Every structure is written in structure tokens, then in C-alpha cells.
Amino acid sequence: MESGNLLDSINSPNDIKKFNINQLEALCAEIREKLISTVSKNGGHLASNLGVVELTVAIHYVFDSPNDQIVWDVGHQCYVHKLLTGRREQFDTIRKFGGISGFTKPPESKHDPFGAGHSSTSISAAAGLAKAKKLKNEPGSVVAVIGDGALSGGLAFEGINNAGRSHDKLIIILNDNKMFISRNVGAMARHLALIRTKPWYFKVKDNVEFILQHTPLIGSPIRNALVKSKSIIKNALYHSTIFEEMGLLYLGPVDGHNLAQIIRVLQRAKSLNKPVLIHTLTVKGKGYQFAESNPGLYHGVSKFDVDTGDPIGPPHSETYSEIFGESLCLYAGADKRICAITAAMKDGTGLTEFSEKYKDRFFDVGIAEEHAVVFAAGLARNGMKPVFAVYSTFLQRSYDQILHDAALQKLNVVLAVDRAGIVGEDGETHQGIFDVAMLSNIPGIIIYSPSTKSELQNFLYSALYECEGPVVVRYPRGTPEIEPDGFHADFGNYNLFTLSKNANILIVTYGRLFFHAARAMEDLEKDNIHTSVLKLNRIVPIDPTCFEFVNNYDRIIFFEEGIKRGGIAEHFGIELYERGFNGKYSIHAIDNKFVKQGPVDKLLSLLGLDTEGMVKAVIQECKN
């Protein structure tokens, strides 16, 4: 087969097993070209996938998916896996509406045994899969691939702790692309690591152990002495033996871009009936100079020019995240009590400038959202003003800590909840549609949902200085729109915006949906349908004074960019009922379902939450 056509010939993992090492290396080069070309058009996770090309090819060369099950942590490093498992022809649709997901997804392929999207879950999932295989006497290995910082999550070590005691056939591959684990020291350590990957090493080791165990009187004492000596030598040579302390056989470090070496180690691990950890060293962004030199910038990208690495799209406008970061820096400059916390999302949450200006008050706690909230609570207890910036989807991990450690003690922990609402192409695992329903019933919590730049700045200030207990300031991904003509933010708990004194229909909403509601009101006015818009700014608790004028309307329609059950629209409806509202009330929110991937405007349209959807809903209800 000619070089350049290898990838096109692959329809299943079995197709690469006939390749020699030179062909496999050529295949890796083709895969990198495909990754760069596709992600430059669709956006997605680039640097992480470029770093696991050889590793993924080696895994599928050695193992037999789906009989052998491969679990990818987070799932964002699965692009090469998808190319090799029957999704090559659909790869150009990745992250597009109706296309394949950018994460592992069991309904999409039998080669995805476990879904993912959040960090540090792979080892626990793989441990469960391996245990089920053992209980059912099913053949096959289970492989968990974890890296890209995911090992900083405590859940990963909970999984390791359980897996190390299980004695099940489980292989954990640590993709170390940031050197967050210390390397072994010196030439002897490298030599021993190389020896331990040789097949004869394990055969000799097993034979010696068997002989010593079955030699009367002197066998066991000698064996125990050798084990102790081995531990002493290892502890002298290694900075950390934590994996072996937790019951895993440690192999490595291995060059994650040396196919022959990886294949040999994987074959050895596959032959063992015990939990194994393989430590691979990879270069994030490998093969694309811009990604190699700045892997953080190319971790997750929008469309870009392959030749220059520059993003493609409209001129950059200030995002909600940037407004938050700038505002926090401004307040921190005047108040040394203000601290910023992130869970490995410094750049994404807009805290880069803060981390540079106020290093002693900036804390990146790693992928540890639970710890972040309790850490913030401790800071608050001793008089500091902590702000934890986190994506809505990741805040879900810290519910108990918000309830038990912040709210119960009435500690002023500020939660800056980014990516609230529909986020787009990352799909079901990342849509920020559950935080309001999750948090709204916590006693004493306050939730602000600003729409404009000035509101975000002001409500962040209110959260820091005018509130007691935990306070949430939530805002979406992207750029705030300009205030509609005639509207002036007064930074109260709500605003009533109207174009007609004869309005008999009230549209209620919050957050960025306000801009859609304002346009809908204008369009409806042209059809002689008179509406007003009640814009809630503090959505929890709802200001009771806003119910004083609702009886002026015959119909109230609530549009909410969040899950319906437990959402603000339901709380609002209960208040209306208890206050004796005599008109008609309806809710347009997201049903109890997961929202798939696609552009934000497309998804809002499908959900009936954009301007056109609001207009149609009002007209239809007027007809009814």
C-alpha cells in the first residue's frame, strides 16, 4: 500500500494490525495532517490530540477493541481513536450539529465503552468495567487513558486506590504531557525502567518468586528480604512510588512517540493479570509548531488558519469572561482581601491577568472543584473575600460543599459561574443548563444573572460587598450585546422594559435571553401585540416587589435558558399562584433532557428560546 493512502484504508482497528512499523509511523503522519486540517475548520481540542497520535495507534495495534475496552479520560483526546474505529468518513462532522461528538459517546460507537466529558473519571469507570468482566468470566482487557492534567483530580486517585486493591486485569496509561509527575532520577533508573519492559524480566521474576515461595524454611525469608531490598533501591531512585504504594505495577517512563517502545510495553502489560500503570511521556501539540510552542493556547481552539495559526472569524470583542477578570482585578487592586480561585481553568475563566498581578492571592487548585469551594469557605471564615471562577458544568461537582460548607455557615463565598446556559459545540456534557435548578433551593443563596457588561461589573461588586452567605454571579459564553434602545440598566433586582402603555402580555426572562425578548417585543409591537419584558437580575431570591404589578397583565410567559424542573420559571409560577394571579401563565424552558452539540444560535432556535421562537410562542398563545 502506498504511503499517503494508509488512513483512507482504515475502517476498523483490525486494519492497522497488518501494518509494519514504518507503515504505522507513516499512518501517524497522515493522522496529524487530518487532525490539523479538520480542527482548523471545525474548532475543537487540537494540542491534546496531536500529543496522543502514536499512543492511540499503538493501543489499537495491541488491543482488540471492542472486546478490549478503552476508556478515555475527559474524552477530548479521543479524535485519533475515532479515526481508527469506523468514524473516519464522518470525522469532518466532528462537533458540528448532527455530527459526531468531540467526546467519547457509547450510542455513537461500540468502541466507546464509557461516555466522558468531565475530568478524572476514567480509572473509576475502567475499574468497574474490569470488575464486571471478572465477575462474568468475560475475556479481554480494560484500558484507561488519563492525562492532560486529569490526574490532579482527586477522583482519579480514589479510582487508583480501589483498582490497586482489586487484582483485576486493568491497565492505566498515564499520558504525561506536562511533566506534572517527577521523572525518575539518573541513568540507573532509566536502565531499570528499560529492563522492566523486557519480556524476560517478568518471566524470570515470576519464576524466582514461585521457587522461593515453594522452598521450605528458607524460601519465604529470602523472598521477603529481596522485596525489602527492592523497595529500598526503588525509593532511592524514584522521587515518587505512589502508584506502586497503591498496588499498581508501574512501567515507565516510556517515550510516548516511540511506536516500537510503546507497543512492546503495551504487549507486556496485556499479558499480565494484575493492575498496571504505564507512564508515557508525550509532547502536547506534537507535529504542529504553533501548538508545540504554545500548547495551552491550542488546547481548545476555534477555526484557525493552518499556515499562520491565527484564528479565523470576526474581530475579537470583549467576552463576559474577560469583563469578569478585568473587574475582579480592579476590585482586588483596592482590596487586599480579594482572592481568586480556579480549578485548572485560569485562561478560560478570564483570570490570567489576576494571576500575574496578584500572585499571592491567586490559587489554581487543579481539577478539584470540591476542594475549591471548601478552600474558599476557609478563606471567607478568616476574613478574606474569595471568588471561585468555574464553568457551570463543572460547578455540578461541588454541590455538597456549597450547601454544607458555605451556605450552612453563611460564608460569603462568591461563585463566578462562567459558561452558564447553552455553550454550543461541546454538547451534552458541557451545556450549563442545570446550575440554577441545582442551586436555587439552597437556603440563603443569592444568584445574580447579569445581561450587560455594566451589570456584570456591578453585580460582582454587590456579591463581594453587599451580600451575606454564598453568592452566584452567572454569565454565558461569548460577548454581551449592546443594550436595546430605550433600556437603561439601573442595577436593581429587576427591570420592567416596555414600548407600549397598553401592554397586556408580560414576558419574563433573565440573562442573555433578555436581548431576544427585547427584540421579540419590538417585532410583536409591529403586529399590534403589546407586551412588556420583566428582566430579572437577581433570580434567587426573586424580589417580591416585582409581583405587585403582575395583575395588570392578562398573560405572563416565562422564557428560561435552563432546565424547566426546579428552574426560576417554576418558582415564579408558584409565587404567582400563592399571590392569587388570575391570568394565564406558561413556561418555555428546556425540558428534562440533555441538549446536543451545535452552534448556540441554532440550539436556541431549536429550543424556541431565540427571538423568532419567542414571537411564535406569544402569537400562538394569543390564538389559544
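Here the Cβ of each residue, glycine as well, is placed from N, Cα and C on the backbone.
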Among E353, E356, E369, which residue does TrEMBL annotate as binding thiamine diphosphate together with H76, G117, H118, S119, G149, A150, N177, Y288?
E369
Across the domain 'Transketolase-like pyrimidine-binding' (318-482), average pLDDT on the 0 to 100 scale
97
Going by C-beta under 8 A and a gap of 6 or more residues, the same-chain neighbours of E369 (thiamine diphosphate binding site) are A343, V390, F394, L395, R397, S398
Long-range neighbours only, meaning 6 or more apart in sequence with Cβ under 8 Å: which ones does D148 (Mg(2+) binding site) have?
S48, D73, V74, H76, Q77, N175, N177, K178, K284
